[in-house]
Amino acid sequence: MDVQPARTMRNLPDTLSSLMGFNKHLTPSWIESVSHIIDGLSPTKPQMKVMVEKDENISDDNTESEAKVQKIQDELVSLNAQLKQITLQRREALNNYLDLKGNIRVFCRIRPFHHEESYSSRNLFTLDESNVFLKVAETKRKQYKFDKVFDQFSTQGDVFSEVEPVIKSALDGYNVCIFAYGQTGSGKTYTMEGKPTNLGVIPRGIQTLFNQASECNNRFLFTFSMLEIYMGNIRDLLAPRSKTNGIKNVPSLSIKSDPDGGIEIEDLVAVTVNSFQEVKRLYEMGTRLRSTASTMANSTSSRSHCLIRISLTSLNATERRKATSKLWMIDLGGSERLVKTKATGKRLKEGKAINLSLSALGDVIDALQTKKPHVPYRNSKLTQVLRDSLGCESKTLMLVHISPDEGDLCETICTLGFATRVRSIRLESEEPPEMKARKETLLIDLGQKVNDLEHECEDIRRKIKNLEESMEHLTGPQPTIYSNFDMSHLSSEELKTDVSSNVRNSKNRREASSRLPRFMKPTASSQHRIGLNNRTPIINRLKPPVPPRRRPSSVYAESVMVPVNAAPWQSECSSECSMSLTSDMNWTPSIRDGTECSQDASEYEIKQVIFSEHEKSSHDQVTCYTDYPLAESRDIQIKIEEKGIVDIDNWLHQQIVEKTSTFRSKMVLDIPGVTEAEIHVSSIPSPTTMACTKEDSQVKDEVMGLTLQSSTDYVEDIKQSKTDNQFTAKELCTPPFKEFSSNNEVKGHKNEHPVYHGRPRRSLQEELENCTLEKPNMDSKSHRSHDDKHKTGKFTKFFQALQTAWIGALLALGTVSIGLEHGFFQSLTL
């Protein structure tokens, strides 16, 4: 500290004395108070000496601490530069390692036997590290080659050890795709989700992403999206619900290309996430909305492809390949054939759509493997969505699952054939043994180099952390702009004033690039097919004026959070707990429509949301170890506004809880409450639920408990018609008319059931004025036959007589033809 402040304190009495000369015209009390202040500030000579010594000591200490701080800062700058260089080397080594293994790799996993399956089945497979030998006959075997084979005793950790390097490359700026392929019941969902005690690829991969990002010196923005492709339509599983459209009116999201050549899905919800628990919560919400149905292969078969996208954005990171990368984890639909499912109707169409998209995926991967000039991305919505994540420098993994059961042999052969096609194995492409040995040696060296560089990065990060703690001890805690990448802590008011012009320019560029020529615009038929004619494009949609108050929350509907019996990552969760989050009161569910569709709405708005504070654990949040300038924060804010990224809490809180209930995973609308007055007005006894009592000869409704006043004649007529079985319930009576004397009488007898006066009719042919309620004196049968006789015409009588004569002639001819003549019948009478 400089000695200037101490000198100023010593000169303060003289300064105040000089000021008194300019203020003599003021009151004497002010002059007296200033004099007391001067006396208090005037130190004695010993006190002055002590103060000077203290000032000199403080100045020396501050000079020494400033030197230490400067030294620590220089070391931090050097270590950060060294860490950036080593991180770049690690990225290049890992990329070379994966390129040497192959950008498109295919693994095979054989699930173990179920308890209900026969263990006495003959062994179909003979395995080694990279080959599957299938025994198709007693003396015939067929070989299938893979990059890695996992037997029936392999664990989830064994599978993830091969997947982990690919997931790490997503942090380096590369797009990654991980597929799970196989027939229904072969273990796809178990490999991807796992169980709470044995997590699968999806939860392990997400945990790895957050752990690696927390150890990195860069800040990352993670966004989570979840969608399904059902019968060629793209459906957002995280879109806010709307009760204006039913399940059958859900439109398909459209696919667009951005100026950088990437693929963007229009109106797809992207939610910012900061921890594994937030991703887990969103994943559980999305899996309950998947389209599932019962087939011969599985009672809860998925009827669509489920795609999970995690986008990673890190600006000003020179060691990354791209600023934004994508990690796709896809649970494909079952690849079983029609012979296996025996599906008809809608299930048949769903199976066709799944197999067509799987075939298109095989064509694309085969074209990429063989480096064909044309790659057929446009043959399927699945390949269109993944276009920027399959080719170029992207990393792709295909996990093929097969069943050991002998009953699934045909499906196993088809699955292995698809895997062989994806790997593009050719006889002439087999490498010589010397080349294979050299490749294996190089892989081992690169793997060891990657591990060494990772350990070196960890040591440097540890040193940086210790130096930062030392600096904090010397200078105290320094306020930073951001301590994590949670976008909810952004100072939006400051950023709006600084970057409004940049955001406006970026929006204008995006709108200009989204305009299509006339010949490229969709036709009316295509818009009707994908459901675009029911909504207005976002670029042409006018924003409503901002109301003074918040918009009523009845615009959107949210799900009822039903308790899930199964564990969150258990494979059965996606089928048993699947339900529709909202209900449309105008939609009537059909019996034939057995598929549980994932969406009830098409129109929704981009919203900003976040998790509750108690769910944000500090150890799960990714923190940065260096202070970043405000320019990077502005760039991230611009990136968020350009892509329409939303936060998770506001998005969840702005939805409305709609009352829905489920019955066997089917959507059932809640029965609206009915008042007692409405019951009196609208209750009509059903003709099929009437019961007669012998004591009072009254007709009662079994369901409503309503009494019908009817005469004894009519009650006996009902009993007689039951014995004769000639009249139906529809012919006997019609819904009675309600006769009230006045509305006041109804209000006065609310606690009593109203009395209904029945007006019966005997048949539909009788006229109303000829009906009588008097008890007939003759037998009912003769009475009805007499009426029928009067109603019979001459033509009817003639036709009956002719029919009788014709039958008699036929009988006579028949007896003569078999030798039974007049003598035979005469002998019978003797």
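Here the Cβ of each residue, glycine as well, is placed from N, Cα and C on the backbone.
In Swiss-Prot, the feature coiled coil is placed on 56-97, out of the ranges 56-97, 182-223, 686-727, 770-811. Coiled coil is the annotation Swiss-Prot gives to one range among 434-476, 477-519, and that range is 434-476. The local packing around G182 (ATP binding site), expressed as other Cβ atoms within 10 Å of its Cβ over all shown chains, amounts to 27.
Just so you know, the Cβ of T184 (ATP binding site) picks up 21 other Cβ atoms within 10 Å once every protein chain is counted.
What surrounds the ATP site, by Cβ distance within 8 Å of the Cβ centroid and not counting G182, Q183, T184, G185, S186, G187, K188, T189, is the set R111, G334, H401, S403 from the same chain. Around the Cβ of G187 (ATP binding site), a 10 Å sphere holds 19 further Cβ atoms from the protein chains shown. Cβ atoms under 8 Å from those of the coiled coil (434-476) belong to residues 65, 68-69, 72-73, 75-76, 79-80, 82-83, 86-87, 89-90, 93-94, 96-97, 100-101, 165, 215, 217, 625 of the same chain, restricted to positions at least 6 beyond its ends.
S186 (ATP binding site) carries neither a helix nor a strand DSSP state and counts as coil.
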